[in-house]
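Report on the structure given below.
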Amino acid sequence: MEKPSLGFFGLLWVVLSIFQPVAGLRPLRERASSWGDEWLVARKDENEVGPFSAWNITGTYRGAWKFIQSSNTSSRFPDFKKSSGNSVLELMTRPTKINGVHYVQGVMIFHDVFDNEPEVGRVQIRVEGVYIWPFRQLRMVANSGREGEFGQEEDYIFSNPYHLLGVFSSQVFQESPRDKIWKSKQSPITDMDKHCNVEISAQISRVSSTQSDGEHDRYYLEGLMESPSADDDGDCFSPMLMNATSVNIEVYYNKAVNYTLMVTFISFLQVLLLIRQMEHSNTQSGAAKVSILMIGQQAIMDAYLCLLHLTAGILVESLFNAFATAAFFKFVVFSIFEMRYLLAIWKAGRSANNGEGWEAMRRELSVLYSRFYGILLGGILIMYEFHRYLRPILLVLHSFWIPQIITNIVSDSRKPLHPQYIIGMSLTRLAIPLYVFGCPHNFMRIEPDKNWCITLGLLVSFQAAVLILQHYLGSRCFIPRQILPEKYCYFRKVDQDSAHATDCVICMTAIDLTQNSNDCMVTPCDHFFHSGCLQRWMDIKMECPTCRRSLPPA
């Protein structure tokens, strides 16, 4: 069949614009320049800002889809049960020789589609069409099918846009997307045939400047998606409404880079805090007071963050350097400093078994590493299987101070953690989850959860407050004395008959036992020392300096 001439379409446009205005479309205010290839309208300067300038709609769009009816009423896809979901649209446009027409290619991804197949819950289609920018209308076609069922690229992407003009020209001038939506609501839906096509008609509008990010324009797309069968015997699936808003990629990248800088800075602070804490507990006795479970849990959290940022960098190639830097610093935190501290605590806790030899020590060390990496891999599997409960899992992970609180109570430890380490680690551990789930404009576009953020903040703050009270008031300060076991008193009274002049073996000076004061401490094995000398000694070793017997907590 011979194609109608473009001059005919130009004449048709003039007649329609004068005698029959199209609903939902703005009247053209420009004169037609010729009746040849430039049949729509005279080209204006595309850089000119005006109501009919050529908007560059190339980019990524995020939005939602839903059926016009309450659900899909067609029988072609019986598993197409969900009535609404999210969608992502990638568009790339380029001008053509025809004024007012841009050629469009892209990919559309529909999420949350198949109710009975949660693992394959999305549909991906390749689309192509034309963007009639004087009318702000987008018309596209595609073949339907699940992701991975498409043929070669040349089967559905065409390099020549002119074959599409005959398909869309009459629709552009006669119907607006709002008219098509109204007609679809009124028309009955019949059974689908085996072969389906996809037709998309949408209207483009610019987002107001108050909602835009920075100086870059953002656009809003609203339209209808239909799928008639090949032989016009019905629809393949019920018509659906779609809307999407463009994503400012440059702003998105800037936010992502700023986030990685924040993670890098936080990792650097955590390294400084770990060094400060390791200096605070650099003795065998000081390291033995620190809970190995507390340090291990924090090391596992940093390992997860390292893997997460490295995976994000691999998925988004343009941001690989930024995310790889953040992942590297997290790797340094957990693999060098925290694992080194973990080994120091483990070694301090097995001081009584040092005489067993290297083989026994190697076996115990192998058990320690196997437990650590076993818990690390098991946690990954648990979070993958129960990813719907990610927020409760994060609350459990951020209960990392609880093992230290329990250790302080059980062993009656004296100042195992430095206050700067407690406060600094609590704040730095809160920074990333509060950004992800609390920042309204985070680059991951996760909806803020105010209640969860408050719960997380209160949980970590309560744990830190308990540790600070234990540091200054004693590890059992909040437990009633009636239920506490009897504690040995180093300042017990000395029998005056047995009192005699003696020397402190620590400072090698005489101790005056005739005066009943706090200057003298007595061990359970009846050895006498200056109070300051024995307390400093107990910070290093919990053994009697004279007979090497174990000493109870002071």
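Backbone N, Cα and C define each Cβ position, glycine as well.
Note that the structure is a prediction, hence the values are computed from the model and not measured.
The signal peptide annotation in TrEMBL covers 1-24. What TrEMBL lists as transmembrane segment is 256-275, 287-310, 322-346, 367-386, 421-440, 452-473. What TrEMBL records for 504-548 is domain 'RING-type'.
Taking DSSP states H, G and I as helix and E and B as strand, the domain 'RING-type' (504-548) has 10 helix, 9 strand, 26 coil.
The transmembrane segment (367-386) makes no contact with the transmembrane segment (452-473), as judged by fewer than three Cβ pairs under 8 Å among residues 6 or more apart in sequence. Counted as Cβ pairs under 8 Å, contacts with the transmembrane segment (452-473) are highest for 421-440 among 287-310, 322-346, 421-440. Packing against the transmembrane segment (322-346) from elsewhere in the chain are residues 256-257, 260-261, 263-264, 267-268, 270-271, 274-275, 277-278, 287-288, 290-292, 295-296, 298-300, 302-303, 305-307, 309-310, 312-313, 316, 365, 368, 372: each is 6 or more residues past its ends and has a CB under 8 Å from a CB in it. Mean predicted confidence for the domain 'RING-type' (504-548): the pLDDT average there is 80.
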